[in-house]
Amino acid sequence: MPSMTSPNEFRILSLSGGGYLGLYTAVVLADLEARVGEPLGRRFDLIAGTSVGGLLAMALAFEVPMAQIVRLFVERGEEVFSSRRLPGGTVTRLLDMTRSVLGPKYTGEALRRELAKHFGDRTMGDAQHAVVVPAVDVSRSVTKVFKTPHTQGSLGDEALSAVDVTLATCAAPAYFPCVKVGERLYADGGLFAVAPDQVALHEAQHFMGAKQAKVRMLAVGTATMGYQPADNVEADAGAVGWLSEGRLILTLISVQQQHVEAVMEDLLEERYLRIDAHWPAQAGLGIDVATPEATKTLMALGQKTLSELDRDRLAMFL
């Protein structure tokens, strides 16, 4: 499919975080890639991604086929995350919470192995497309945006391992261990930018010379639109009430994306499009739930979203 965007426009793709919910995002991206008939990264001047969105952004930057990433989720999701269902009763919820009291739930080694298959020993400087990946430098408690060397102002990360950078943005506290990149320790960029839309816009304007009036941004979420924990959380809920079933982190993911969407619509108006799905209550989903049922639900949500998209409007962003 030939591009429908103006050659003078600056095109951005922004991908949100959400753990295994990123399968929804991957399904959407795989379909878009099939539609355009070439690696999807070639359709954008800048790609941004946080957490699992950072994994997807890095894959696009290195032209890893999105269909392969969908297979990674489907075939290896239970190794990277868990095959367990969401805990149901109070006792099982408490037991589940204790798994991350003294250390992270998962070692991250399964994810490292899978990333190594796709990225090998390549570095940020080897990427074929410009990418920005938020993380948090926990050594100094400051934000960090890993970058490919796409401009003079974006130099400094080109020698860093693509695998390490991807692991860093995915290192959700209490779920995965922090990751050492260079001499510093990093955690998930979702701590400050679950939806990296504004990070990407700043990079485009401040470092890449893009004019806001010429920026067109496509953003893809992780099916958390409209998530509501209130039905299951009492007004005086404590740690158990908020942390069980991932309520706190899902709330953070959902509201950050809602806020960013509102801001970006004000800034870019019709040149901004966010693709997302409403949270399916009672579907047993979670950021680390990789059961066959969750996989089926997320893939179906992706297909449903794609079937409902305004194809003519979508074409303006590709």
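Note that Cβ sites are derived from N, Cα and C of the backbone, with glycine treated the same way.
Remember, predicted model here, so these are calculated numbers, not experimental data.
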According to TrEMBL, motif 'GXGXXG' applies to one of these ranges: 17-22, 77-82, 125-130, 179-184. Which one is it?
17-22
Any idea which of 44-62, 272-290 is down as transmembrane segment in TrEMBL?
44-62
Contacting positions for the motif 'GXSXG' (49-53) when only residues 6+ beyond its ends and CB under 8 Å are counted:
14-22, 25, 131, 133-134, 169-170, 172, 188-190, 193-196, 199, 220, 222
How many helix, strand and coil residues does the motif 'GXSXG' (49-53) contain under DSSP?
2 helix, 1 strand, 2 coil
Three-state secondary structure of D188 (active site, proton acceptor) from DSSP?
strand
Tell me which of the active-site residues S51, D188 sits in the most Cβ-dense spot, judged by other Cβ atoms within 10 Å.
S51
